[in-house]
Amino acid sequence: MGCTEWVELNQKNKPQSNAIATGVLTLLATGMYHAATLYDPGYRNEEWAYSRSDTAVLVTLMLFHIAAIVGSLAGWILIERYAKKQINFVTMSFVIVGCTVSIAVPHSLIAVAFARSLMGVAHGLAYLLVLVHGGEIVIKELRGVIMAAVNFCVISGALIGGIVNPVDLESLTAHQFLGIIGLTYMLLAFFLNLMLCYESPVFLLQRNHDAEALRSMLKLRNESTESWEIRNEMTEFKTMLSEDATTSRSIFMDGNLRPLALVALGKVASVLSFNYAVNTVKANVIDEVLDSSATTSTEIRLSIVILMSIRMVVGMGAMFAVDVLGRRALQLVSICSTGLVLVAMGIVYLATDSITPDIGMALFVACEVGASLGLTFIPDVLCSEAFNTKKKALTIAVVQVLEQILHLIVFGVVYWWDFAVYDRYGVTLLVAGLPMLGIGYVLYRKLPETSKMSIRQARIEFYKREGIVFGGSKNSVEVLYD
């Protein structure tokens, strides 16, 4: 497919990305609050943390992830019972209240904790909803790029949070500024949800609303009449639902354990490459080169801007390539390159103290480029297409809970550390890098290639134990089922 054809295809199917735009904007807002546990923005110097114990500050920051676990589990319950538009309004209400509290009471620890809790719940709800909804409505040719854009928006939010958090304007605190940005997103999200959020045909077919499902499908495909392609997609949805109806709701039965394990391993690798400990090491080394440290000041921390900008720019390129090069290739290259650099740097820091910051920065920039090729967004793409429809919401929620628990563990352990010695750098990088190499090997052996497959065909690939498609031409659905 040429560039012109791709643009025309994307333009024609714009209603599909518009339908999940509310959730994406929500993740942009919540991602700004997620930044506090990805980098050290100097919260100890903010007014709400004055005269507070380190434990109180730690718990306040961790509440985002604890609440995100609650939000993911709540999303699993709600998504089985209510329409996406209704759940979006509930999610938006959490963000609006959280942003309002951030603006109104930015100097109170209790208020900051309350706001971060609300944003965490919204994060868990929105993430689950977007992955389930997007996976069911986006055409197979664009599912990779659109679902990868979800994680890209979280990264974008984290970039904004990482830049804004250390800055203390004369009239606004960081929390007030983030709250204003979040409310701006929600104003736009409200109208998008009201006018452009179309329900998933799969959700409607599950409830025997066939006529309504067809109308929704026509709107999502930007068609006025039922075409041959739409008729085939609807037939495949019905076949998929009839197959899933014979299975149990247990996420560990009916072949669901295999895709759950593979996607969970990808998510573990994602957290290992992008967490508070590893990011602190990278930022500290770059700060040495730049001869700056905004951790204790009110200036923008350039190291965070550099690292996140690389992740965004390279990630954007990889995002548009995910449907061309495939999920499997990008994820394996990203995991292995990142793991190798982290392990090599860890060994060097443990073996010697003579490595210069310039070399360290260059290697960490290379590491960030490798990590941006798909390590963080490919698991989200796979979440949208790997699971039985009856088990999908709970399975994705479990993967998200695992991600939040890992962030909690890393942040809780290393929050007290003093990264003043290279031995700490070495241990951190080795603990992060070695498991990634093991995960890379397992995914190399077991992860199928699912680009340009329908969600039914992709799910079948994940459940198969023999004849798995690792790349190249894709078998048809009929062949896969014979």
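Cβ from N, Cα, C; glycine included.
Feature annotation from TrEMBL assigns domain 'Major facilitator superfamily (MFS) profile' to 1-450. This prediction places the mean pLDDT of the domain 'Major facilitator superfamily (MFS) profile' (1-450) at 89.
Annotated transmembrane segment per TrEMBL: 19-36 (among others), in sequence order.
Under the heading transmembrane segment, TrEMBL lists 56-79 (among others).
The transmembrane segment annotation in TrEMBL covers 86-105 (among others).
The transmembrane segment annotation in TrEMBL covers 111-132 (among others). Here the transmembrane segment (111-132) has Cβ contacts under 8 Å with residues 20, 23-24, 26-27, 29-31, 33-34, 36, 48, 59-61, 63-76, 78-79, 84, 87-88, 90-92, 94-95, 97-99, 101-102, 104-105, 147, 150, 154, 175, 179, 182, 200, 380, 383-384, 392-393, 396-397, 400, 404 of the same chain, all six or more residues outside its ends.
Under the heading transmembrane segment, TrEMBL lists 144-164 (among others).
Same-chain neighbours of the transmembrane segment (176-198): 15, 18-22, 25-26, 28-29, 32-33, 84-85, 88-89, 92, 95-96, 98-103, 106, 115, 119, 137, 160-161, 164-165, 167, 169, 216, 219-220, counting only residues six or more beyond its ends whose CB sits under 8 Å from a CB of the stretch. According to TrEMBL, the feature transmembrane segment maps to 176-198 (among others).
Long-range contacts of the transmembrane segment (259-278) within the same chain, counting only residues at least 6 positions beyond its ends with a Cβ under 8 Å from a Cβ of the stretch, are 37-40, 251-252, 331, 335, 338-339, 342, 371, 375-376, 378-379, 382-383, 386-387, 395, 398-399, 402-403, 406-407, 410-411, 413-415, 417, 428-429, 432-433, 435-436, 439-440, 442-443, 446-447, 459, 462-463. Among the features that TrEMBL reports, transmembrane segment is placed at 259-278 (among others).
If you look up TrEMBL, you'll see 300-322 (among others) marked as transmembrane segment.
Residues or ranges marked as transmembrane segment in TrEMBL: 329-350 (among others).
For the transmembrane segment (362-382), the list of distant contacts is 131, 143-144, 147-148, 150-152, 155, 259, 262-263, 266-267, 269-270, 273-274, 281-282, 285-286, 306-307, 310-315, 318-319, 322, 327, 330-331, 333-335, 337-338, 341-342, 344-345, 399, 450: same-chain residues at least six beyond its ends, Cβ to Cβ under 8 Å. The transmembrane segment annotation in TrEMBL covers 362-382 (among others).
The transmembrane segment feature in TrEMBL is assigned to 394-419 (among others).
Residues 262, 265-266, 268-269, 272-273, 275, 277-278, 281, 284-285, 328, 331-332, 335-336, 338-351, 414, 419 of the same chain lie 6 or more positions beyond the ends of the transmembrane segment (425-444) yet place their CB under 8 Å from a CB of it. The transmembrane segment annotation in TrEMBL covers 425-444 (among others).
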Interface-richest range of 19-36, 144-164, 300-322 toward the transmembrane segment (86-105), CB pairs under 8 Å: 19-36
Among 19-36, 56-79, 144-164, 329-350, stretch most in contact with the transmembrane segment (394-419) (C-beta, under 8 angstroms): 56-79
Closest-packing stretch to the transmembrane segment (144-164), where packing means Cβ pairs under 8 Å, from 19-36, 56-79, 329-350: 19-36
